[in-house]
Amino acid sequence: QVVNYAPFTLLPSTVPRVLFEQAYAVQQDFNLLVDAISQNKEFLEKTLASTIKVDDFTARLFRIYTQVLEEGLAQTVFLGINRSDYMFDCGLDGTAALRQIEINTIAASFGGLTSRTADVHRLVLKVLGKTEEASRLLPNNPAKGLASGIAKAWELYGSQRAVVMFLVEDVQRNIFDQRCVENELWNRNIRVVRKRFRDVFEQGSLDASRRLFIAEQTFCVFFFSHGVVAPLLPQNWEARLLLERSRAVKCPDIATQLAGTKKVQQELSRPGTLEKLLPGHPEAIARIRATFAGLYSLDEGEEGDRIAATAIADPDRFVLKPQREGGGNNLYGEELREVLEKIKDSPERTSYILMDKIKPQPALNYLLRAHSPLQMSECISELGIFGVYVRQGQELVLNQAAGHLLRTKAIEHADGGVAAGVAVLDTPYLV
């Protein structure tokens, strides 16, 4: 009923060229890593053992994952669309380093809207008489890149009549972002429909070869724009199980969603873990490891006790991250101390991980948000790189970086993304 413009910065924000290029160069490595984790049942089982005891959402995902594996996978084509997010950590000597915040393997959004943002900033710079600066903004079209991955999976599924489904919420605030990707698919003559978990539950069925039908249409690819946090209704879980049991290409399949959990991210930083997951890829491992911030386990035991005590004593050094996606859930400072004090002797602490707090260099900009006063703010930015890969059986047939996203927020907001109403869309101006 109400449409607001997507929030954005008045001006593009400066980003160090060397760090921007580093983020792009490592994206194919991260695609490879996520795919390897999704195929490694032993690693997922061991890594998530403590989390599934205390986090109901992850536990339910894991139950579906094991049930589908026991039954035998019907799916043969696998599509990954992820977004690896970074901040620029400013050292004591003033040099900046690229530090990964997280990797999103489900509902990696804003590929559509950010495909339009550079044009907005190009226009603003021209209006200001800065035509030379306007010409230096990079072209960026993640909508096309993401659609190319979906189209490849559709093609490998092997049915011209099969339909692509965007799984959405009842009220979808971010609809225009998704429409950009949908339109790219329609331009390739690939039919797209939007459905909710409820539609899948009420109308979905599998035939003998586990093809999925909804209202007599056969579906080949599901792109999850929803299901990031707990779909609370039992029927939503039933719908998710039906999808996972089907032959259709899920983006992500449940193993890939589990690969994107915070606990997996923390485990990857342990010495030797990357070597086990990516044997024979020493260069890729070095590029991945160079982006890691300090990540610490709060599992029960001596190590977890020591880390919890350190964070309680000096909370401003750390960020406490619960096993949730979508922005706005992290804890800082006194709030971090209070929560850790409360749960330090409880198994509940294993549903969190602890991370070094990154300290970027602020810059001035104007944030344009509906119903917000216009004022100059001190801001910090977060760079996301979209990655797309497609695997058929054991063969990786597509692996690429698919564009970038820059989000900027005022420094008084410790946490929260665009969907949380805090960050706004931006364009990198490389320096």
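Quick reminder: no glycine exception, Cβ is built from N, Cα and C everywhere.
Because TrEMBL annotations are produced automatically, they should be read as predictions rather than curated entries.
A quick note: this is a predicted structure, and the numbers were derived from the prediction, not measured.
If you look up TrEMBL, you'll see R83, Q178, R407 marked as substrate binding site. TrEMBL lists E102, N104, E325 with the feature Mg(2+) binding site. The feature ATP binding site is assigned by TrEMBL to E102, K262, 321-330, Y332, 355-358, E382, K409, D415. TrEMBL lists 162-259 with the feature domain 'Glutathione synthase substrate-binding'.
Here the domain 'Glutathione synthase substrate-binding' (162-259) returns a mean pLDDT of 90 for the predicted model. As a whole number, the greatest separation of Cα atoms within the substrate-binding residue list R83, Q178, R407 is 17 Å. Straight-line distance linking the Cα atoms of R83 (substrate binding site) and K357 (ATP binding site), rounded to a whole number, equals 20 Å. Spatially, by CA atoms, the binding-site residues P322, Y332, K357, K409 include one closest to N104 (Mg(2+) binding site), and that is P322. For the domain 'Glutathione synthase substrate-binding' (162-259), residue counts in helix, strand and coil come to 37 helix, 26 strand, 35 coil, using DSSP. Taking CA atoms as the reference points, Q178 (substrate binding site) and E102 (Mg(2+) binding site) are 22 Å apart. E102 (Mg(2+) binding site) and K357 (ATP binding site) have their C-alpha atoms 13 Å apart, to the nearest angstrom. Here R407 (substrate binding site) is positioned 18 angstrom away from K357 (ATP binding site), judged by their C-alpha atoms.
With respect to their backbone Cα atoms, Y332 (ATP binding site) and R407 (substrate binding site) stand 20 Å from each other. It is K357, among the binding-site residues R83, K357, R407, whose Cβ has the fewest other Cβ atoms within 10 Å in the structure shown. Put simply, P322 (ATP binding site) is 21 Å from R407 (substrate binding site) when counted between their Cα atoms.
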